[in-house]
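Undergrad: Feature list, courtesy of Swiss-Prot:
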SIGNAL    1-15  signal peptide
DISULFID  Cys30-Cys48  disulfide bond
DISULFID  Cys34-Cys53  disulfide bond
DISULFID  Cys38-Cys55  disulfide bond
SITE      Lys47  site 'Basic residue of the functional dyad'
SITE      Tyr56  site 'Aromatic residue of the functional dyad'
Amino acid sequence: MSGLSVFILIALVLSVIIDVLNNSKVEAACKENCRQYCQAKGARNGKCINSNCKCYY
């Protein structure tokens, strides 16, 4: 039973690490056209600042 719980714990940790890395890759890059992306969300304007799309409402 101990071996099974260690395996489940390792699988859980790996899935969390993979999820965090995938999310950071998506958020680290600006959208191709940040202004249009923000306007589609209802903002007045948008700019790429420090590799993040910043929307101004």
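Placement of Cβ uses the backbone N, Cα and C atoms for every residue, glycine included.
Describe the structural context of these features.
TA: DSSP classifies Cys30 (disulfide bond) as coil under the three-state reduction. Cβ neighbour count for Cys30 (disulfide bond) (all protein chains, 10 Å cutoff from its Cβ): 17.
DSSP classifies Cys53 (disulfide bond) as strand under the three-state reduction.
Within 10 Å of the C-beta of Cys55 (disulfide bond) we count 17 further C-beta atoms, all protein chains included.
Taking Cβ-Cβ distances under 8 Å and a sequence gap of 6 or more within the same chain, the neighbours of Lys47 (site 'Basic residue of the functional dyad') are Cys34, Arg35, Cys53, Lys54, Tyr56.
A 10 Å cutoff on Cβ-Cβ distances gives Tyr56 (site 'Aromatic residue of the functional dyad') a total of 10 other Cβ atoms nearby, all chains included.
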Undergrad: Given the disulfide-bonded residues Cys34, Cys38, Cys48, Cys53, which one's Cβ is surrounded by the fewest other Cβ atoms within 10 Å?
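TA: Output over disulfide-bonded residues Cys34, Cys38, Cys48, Cys53: least Cβ neighbours within 10 Å is Cys48.
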Undergrad: Provide, as an integer number of angstrom, the distance between the C-alpha atoms of Cys48 (disulfide bond) and Cys38 (disulfide bond).
TA: 11
